[in-house]
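Data block below; observations after.
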Amino acid sequence: MKQSKFATRAAALLLALAMTLSFAACGERGSESSTSEPSASSEPSTSSQSSVPEFVNPLGDVDLSAISEPVTPSEDLLTKINDAYNVNNDVIGWLSIPDTNVDDPILYHPTDNLYYERRNLSGGYDWYGCYWADYECVFGDRNSISQNTIIYGHSMDDNPDGLKFSQLKKFLDIDFAKNHPYLYFSTPEDDMTWKIFFVGYVDTKLAYNYPEMKTEDYQALLDELDARNQYEYDVDVNTSDKILLLSTCTYPTGYSNPTIDEATKFLVVARLVRPGEATPDTVEITANPSPKKPNNGLN
């Protein structure tokens, strides 16, 4: 059973606000007491005043006045989500990737992580399945969703024009990656934009499919992704960020060795756009000359 490991960025933001309010409240109490009649011998206590620590923003350069506010989805997006939900109440959101065929509902089963692997939206058998979220993920707005939102989908080949998540292989074209820097995964509560920072291959030994991680484990994952990246993205990512991880199959042996193929996954990973962050239409990226290879038995 996967285990909860890490306090989210939203928790850090709320902690910062709590600290701010706490210090403000202390100041108000000090003001009230100063209006009472002091004794003849009483003097303001320097040590008492200096005992209150100076507030330090735990998120560095993040403007705490711009706490992540949910964005109401457009009427069109809400209609798409609601229409899908009316077919199947396991719909929890919508994923869209511009200039691909990916523009579909995301389903979720709370106990069976493979329930939608071979089922369509209506619940009937379908070899290609649905796009589905990890069963341990939590959904809602950007302040309540999991640290790592994981979405799975099939790829029956490595053809970027193929069906389902085969379309993710389009990001192996550097020009496509430059011109498509965002993923769009939204819930009925929040319209969210995610900035891509990783495209590449991993092996199933890598602990990438945990919705919540301890800080050190999360940092270890980010470091591994950085080493394995096909590109060098100028995107800052840290353990205060929430990420969206799209996972699918790939076939490094061309189907000749199913064991190795099954031990290898292709990922596209993005982080939630931060409050006030610019979202240019294109980004500059360069190819990583020597990405770390998957530990899949092939290399």
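A Cβ is built for glycine as well, from the same backbone N, Cα and C atoms used for every other residue.
Note that this is a predicted model, so its numbers are computed, not measured.
Annotation source TrEMBL lists signal peptide at 1-24.
Annotated region 'Disordered' per TrEMBL: 28-53 (among others), in sequence order.
The annotation compositional bias 'Low complexity' is assigned in TrEMBL to 32-51.
Per TrEMBL, active site, proton donor/acceptor is recorded for HIS154. HIS154 (active site, proton donor/acceptor) falls within neither a helix nor a strand when secondary structure is assigned with DSSP, and so counts as coil. The Cβ of HIS154 (active site, proton donor/acceptor) lies under 8 Å from the Cβ of GLU117, TYR128, GLY129, LEU163, LYS164, PHE165, THR248, CYS249, each on the same chain and at least six residues away in sequence.
As annotated by TrEMBL, active site, acyl-thioester intermediate applies to CYS249. According to DSSP, CYS249 (active site, acyl-thioester intermediate) is assigned to a strand segment.
As annotated by TrEMBL, region 'Disordered' applies to 280-299 (among others).
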CB contacts for CYS249 (active site, acyl-thioester intermediate) [other CB atoms within 10 A, all chains]: 19
Number of helical, extended and coil residues in the region 'Disordered' (280-299), per DSSP: 0 helix, 3 strand, 17 coil
